[in-house]
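Student: OK, TrEMBL features for this one:
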DOMAIN    B:18-128  domain 'PurM-like N-terminal'
BINDING   B:ASP20, B:ASP65, B:ASP196  Mg(2+) 3 binding site
BINDING   B:ASP20, B:THR35, B:ASP65  Mg(2+) 4 binding site
BINDING   B:ASP37, B:ASP65  Mg(2+) 2 binding site
BINDING   B:ASP37, B:ASP112  Mg(2+) 1 binding site
BINDING   B:HIS44, B:ASP247, B:TYR298  substrate binding site
BINDING   B:GLY111, B:ASP112, B:ARG135, B:SER198  ATP binding site
DOMAIN    B:139-287  domain 'PurM-like C-terminal'
BINDING   B:ASP199  Mg(2+) 5 binding site
Number of protein chains: 2
Amino acid sequence: MTEFELIERYFDWGEGIGDDCALIEVDAHQQLVATVDTLIEGVHFPKETNAHDIAYKALAVNLSDLSAMGATPLYFTLALTLPAMNEKWLQDFSCTLKTLAQTYNIRLVGGDTTKGALSITINATGVVKCQALMRSGAKVGDSIFVSNTIGDAALAWQQMQVQEIPSIDLLKQFNRPEPQVKLGQSLLGVANSCIDISDGLQQDLSHILTRSKVGATINVDALPLSNEVTQHINNTDDWCIALAGGDDYELCFTVSKAQLDSIQSIEKELGIVLTKIGMITNGQGLIIKGLNETCQSYRHF
Amino acid sequence: MTEFELIERYFDWGEGIGDDCALIEVDAHQQLVATVDTLIEGVHFPKETNAHDIAYKALAVNLSDLSAMGATPLYFTLALTLPAMNEKWLQDFSCTLKTLAQTYNIRLVGGDTTKGALSITINATGVVKCQALMRSGAKVGDSIFVSNTIGDAALAWQQMQVQEIPSIDLLKQFNRPEPQVKLGQSLLGVANSCIDISDGLQQDLSHILTRSKVGATINVDALPLSNEVTQHINNTDDWCIALAGGDDYELCFTVSKAQLDSIQSIEKELGIVLTKIGMITNGQGLIIKGLNETCQSYRHF
């Protein structure tokens, strides 16, 4: 099969793929927001992961990056490296990719397919009308929030590494994380700073602190945890699964006192849980109360 | 080394990498032009290729796609997969990447680094003010042109496969192809259709014919060839190296009779050779005069 036939069969969703590049119209007075993420078999997902789950996560992690800026998804490109032509795999992959793309109204505009170890790189672009959410805006006195629960995906991954089968809930968080696109958009003009915590809360919150030149104190007892993660921590005292496990596609953001009411409204409107875990201080670095050890953050090498 | 440290050390060229996404301002009344290309060790370049050449080619092939649309380069993202942390390699890679980016005035706005088999995916975005060059605009009676010479990179690759060392000229075309960005821009409003012939002239010109619903006749004797490729064909009668070898980052474009004078002006202004190789006809498909065989086009799988 030529690349041309492959694209036509699986990725031409009637949106005009065909020239050397894609053409995209952008309205005036908008800022583009661009991000890229690669998923590699054996590194980001186990070898036995099905094509549906791989497609979902490859796009979802990029949508999560867009959400952290408060952006509205616009378009994406797909660079797909496959060990061999596998029509069933491609059918499954493109089916779920298309469904998720339609859910978030993001258009596939181009791609490249190559032969090699299984790897998926998606480049997603969104737009922001006014001021995007940034890592650099946290102010002393801000409350620090995290969306939903954390540590679930990391616990699933840990269990899979020792051949345990995670529960359906944990697996869902690992394979099908919900990008917080609506939350990000709702936080525009409300939050002072925001980040997605895909590398783990500890490391990613530290990026906010560095960029904003502030400190923070958080309390482990305040962390929003699922029952399974709570149980795991009770058994092992392993708080690091929640603080540094990574693969949490939730948002961590900071909010001034004046905006706390807005947070309650957003919670109600979106039907999600936003938990205050600490405060921005005029100190240096991140103080984690209740933690007796140091967590090793996710390292890419 | 964390990804953050890696980016700071090698890829933060003072242009503000740091949030979950990059922010890019776009002027009103412009169209975005987006493309993505992956290079994989062993597939697109031999294992012994140095980091400088890999960086150059990874960006150049994307600039070539932008050139085929007549676009002005704007920004790119880099997804880099490395088998291990190698500081010397990263230093070399980032050095040449930066130099080439500055030459073409394209800004690195973001990236992702992962551990795995060596692979580089670059996503490049450009802008076009008015009508971009497309594959679909060829008209019956158009002359078909190709820039510079073709077949050189494919001959270099063929020689490397059998452990021969290609000449400096051939290696340059293989490792350091010059993207025809200025040519593409000059062809705006002049050419009726355009494509880059990275998959080989035969296959890529056929894309123009399909999209434009026209036929074409070209003559092998008219193909612009270097002395080395000419000699190779004289010895082997292997025209396919020029027609289907691939890896030619030249432009193939079609021009109406009324615009032929403009082509001469562009040749002079840019100091490049543009060769007429045939005509667009009202027939079907591509007729290649002087070719006694069928060339197998590049297949991605």
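From the backbone N, Cα and C atoms, a Cβ is placed for every residue, glycine too.
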Student: Tally every other Cβ atom lying within 10 Å of the Cβ atom of B:ASP196 (Mg(2+) 3 binding site).
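Tutor: Other Cβ atoms found within 10 Å: 28.
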Student: State the mean pLDDT for the domain 'PurM-like C-terminal' (B:139-287).
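Tutor: Summing pLDDT over the domain 'PurM-like C-terminal' (B:139-287) and dividing by its length gives 96.
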Student: Quick one: give me the count of other CB atoms within 10 A of the CB of B:ASP65 (Mg(2+) 3 binding site).
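Tutor: So the Cβ neighbour count for B:ASP65 (Mg(2+) 3 binding site) comes to 29.
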Student: Can you tell me how far the Cα of B:ASP37 (Mg(2+) 2 binding site) sits from the Cα of B:ASP65 (Mg(2+) 3 binding site), in Å?
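Tutor: A Cα-Cα distance of 9 Å.
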Student: By CA-CA distance, flag whichever of B:THR35, B:ASP65, B:GLY111, B:ASP112 among the binding-site residues is nearest to B:ASP247 (substrate binding site).
Tutor: B:ASP65
Student: Sort B:ARG135 (ATP binding site) into helix, strand or coil using the DSSP assignment.
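Tutor: Assignment for B:ARG135 (ATP binding site) reads coil.
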Student: Using only C-alpha positions, which one of B:ASP20, B:HIS44, B:ASP65, B:ASP199 is spatially nearest B:GLY111 (ATP binding site)? These are the binding-site residues in the record.
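Tutor: Of all the candidates listed, B:ASP20 is nearest in space.
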Student: Work through the binding-site residues one by one (B:HIS44, B:ASP112, B:ARG135, B:SER198, B:ASP199) and name whichever has its CA nearest to the CA of B:ASP65 (Mg(2+) 3 binding site).
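Tutor: If we rank B:HIS44, B:ASP112, B:ARG135, B:SER198, B:ASP199 by Cα distance to B:ASP65 (Mg(2+) 3 binding site), first place goes to B:SER198.
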Student: Could you give the Cα-Cα distance between B:ASP20 (Mg(2+) 3 binding site) and B:ASP112 (Mg(2+) 1 binding site), in whole Å?
Tutor: 11
